[in-house]
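So the structure is just underneath, and the comments pick up after that.
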Amino acid sequence: MTVSKEYLAEGGEPKQPEGRFGTRHYVVFMLFLGMANAYVMRTNMSVAIVAMVNQSALEKHELFDDECPDTDYGEQDNSDHQDGEFLWTTSMQGYILSSFFYGYVITQIPFGLLAKKYGAMRFLGWGMLINSVFAFLVPVAARQGGAPWLIVVRFIQGLGEGPIVPCTHAMLAKWIPPNERSRVGSIVYSGAQFGTVISMPLSGLLADHGWDGGWPSIFYVFGIVGTIWSIAFLLTCHEDPITHPKIAEDERKYIQQALWGKAGVNIPPIPWKSIWKSMPFYAILLAHLGQNYGYETLMTELPTYMKQVLRFSIKANGTLSSLPYLAMWIFSIGVGWVADWMLTSGRFSHTMTRKLSNSIGQYGPAIALIIASYTGCNRALTVAILTIGVGLNGGIYAGFKINHLDLTPRYAGILMAFTNCSANLAGLLAPIAAGNIIEGKPTIAQWRIVFLIAAGVYLFTATFYNLFASGSRQPWDNPDNDEPQKPASIEAPHENGHNNGYNNGTTTATLRTTTGMAEQRQ
């Protein structure tokens, strides 16, 4: 039983279908929109809450540093501005904003495990549908039940969004051949920046000019968009190429052969002991931890620094505040294409490509933070450094972010669930650490400590990644080492082969995978 030469290119590599928009490209497009929706849902409250709260009725105890001259950049008063309807203190606003993320974090690992057992597609679609439907309840909860009920609704929204990253990773592992992963992963995960770029200016516009008091329209509009996406995703997407009824046969063969028999096979139990002993796994874990800590410092604390010290609020201008996200979105896609070119050229290994991309994505922001801590009162330079630093951060998508798929296509969703859960917990530490350092003394010197700590975290975790990361599929996820599957029946040879660039597949592996596919077909 051998691979049909019809579906192999020269050199025994899987033959890519002739240029067209394939089924896998549609799945990638839908996952991109799903990631964009997810980030819209998590960021829209930060804009809406400004319009929800009656700022004039609250006592203001905000401290400002007097080292830099005063300015009214971005701070002009708007006489037509109407104060919000809620009297929530700053600390209460913090509880409301963080409630979403607590729900999001605690569902990462459970959904990663469930996706491995039952499939990722339905958990992703239904989770985002729950998230979107509960967006309609945000105005009702706030007005009828106050902050406590709003916290509950946002917490449930976070629970619904929990599957987005691990399940997206699991689906990419089943749909995307190795030499397409860098650009595809970058495209899909850049949906996060795209969603933020759309959310911030549009939320501000809806808060000022929307219906039902302005701010509720933010949740109505994005709730409708999210609901439409969720239904379309559930109706048109499938778990893998094996179960898709309308995928072209040459594309199905191409994906199956390129993925070494991963898609649709009867996956054995999770090799926990081997994972916990794997240094490449810990390299990804630490890189993910450093990324979230540094990113939260870069994007959450630097605008605060510009307000307290430089007297310039970047968030007052929707277009300017979204500029760093736009830079990261564009750069991440570019790095993804370059990374895949490096792989297909044969000049760079998967390991080298991941390390180079990740170095740009983490050393770049580290250097930017160090420079920003010494820019003094130069407002223009600080904004430029913020944009460049966040833009370079896009390199992580072709680095550690997609590296899970290299190590273990069959357990990529589970690994992502663990690293993303841990990383989000680390991200929550960034504002806590900064708050304790600058409390009562928001000087340039104290803020420099905040930036240098974040830069140090970036540098350490990126270096650890460069020392121990790998782009090779790990031995504990080699299908050839699985226990033989007992076939129920074999009617005829099946032209499925397995080759991901690491071996050519054997008759035994082909037979085992074909049997597994039959067992998994829905």
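The first residue you see is number 1, and the count goes up from there.
Quick reminder: no glycine exception, Cβ is built from N, Cα and C everywhere.
The compositional bias 'Low complexity' annotation in TrEMBL covers 498-515.
What TrEMBL records for 23-473 is domain 'Major facilitator superfamily (MFS) profile'.
What TrEMBL lists as region 'Disordered' is 476-522.
Summarising the annotation, TrEMBL assigns transmembrane segment to 21-40 (among others). Sequence-distant contacts of the transmembrane segment (21-40), counting only residues of its own chain at least 6 positions beyond either end whose CB sits under 8 Å from a CB of the stretch, comprise 124, 128, 131-132, 161, 164, 168, 171-172, 175-176, 184, 187-196, 198-199, 222, 225-226, 229, 232-233, 236-237, 241, 244, 246-248, 251, 255.
As annotated by TrEMBL, transmembrane segment applies to 95-114 (among others).
Per TrEMBL, the feature transmembrane segment maps to 123-142 (among others).
According to TrEMBL, the feature transmembrane segment maps to 218-237 (among others).
According to TrEMBL, the feature transmembrane segment maps to 325-344 (among others). Long-range contacts of the transmembrane segment (325-344) within the same chain: residues 178-187, 189-190, 193-194, 196-197, 200, 350, 352-354, 356-357, 360-361, 387-388, 390-398, each at least 6 residues beyond the stretch ends and with a Cβ under 8 Å from a Cβ of the stretch.
Counting same-chain residues at least six beyond the ends of the transmembrane segment (356-374), those with a Cβ under 8 angstroms from any Cβ of the stretch are 182, 287, 290-291, 294-295, 297-298, 302, 335, 339, 342, 348, 382, 385-386, 388-390, 392-400, 403, 447-448, 451-452, 454-456, 458-459, 461-462, 465-466, 469. The transmembrane segment feature in TrEMBL is assigned to 356-374 (among others).
Residues of the same chain lying 6 or more positions beyond the ends of the transmembrane segment (380-400) and with a Cβ under 8 Å from any Cβ of it are 182-183, 185-186, 189-190, 193, 283-284, 287-288, 291, 295, 298-299, 302, 306, 310, 314, 320, 323-325, 327-336, 338-339, 353-355, 357-362, 364-365, 367-369, 371-372, 465, 469. The transmembrane segment feature in TrEMBL is assigned to 380-400 (among others).
TrEMBL lists 412-433 (among others) with the feature transmembrane segment.
Sequence-distant contacts of the transmembrane segment (445-468) (same chain, at least 6 residues past either end, Cβ-Cβ under 8 Å): 279-280, 282-284, 286-287, 289-291, 293-294, 297-298, 301-302, 305, 309, 355, 358-359, 362-363, 365-367, 369-370, 372-374, 399-400, 430, 433-434, 437-438. Summarising the annotation, TrEMBL assigns transmembrane segment to 445-468 (among others).
Each of 95-114, 123-142, 412-433 was scored by its Cβ pairs under 8 Å to the transmembrane segment (218-237), and the highest score goes to 123-142.
Remote same-chain partners of the transmembrane segment (412-433), defined as residues 6 or more beyond its termini with a Cβ less than 8 Å from a stretch Cβ, comprise 98, 101, 104-105, 108-109, 111-113, 115-116, 120, 165-167, 169-170, 172-173, 270, 275, 281, 284-285, 288-297, 300-301, 404-405, 450, 453-454.
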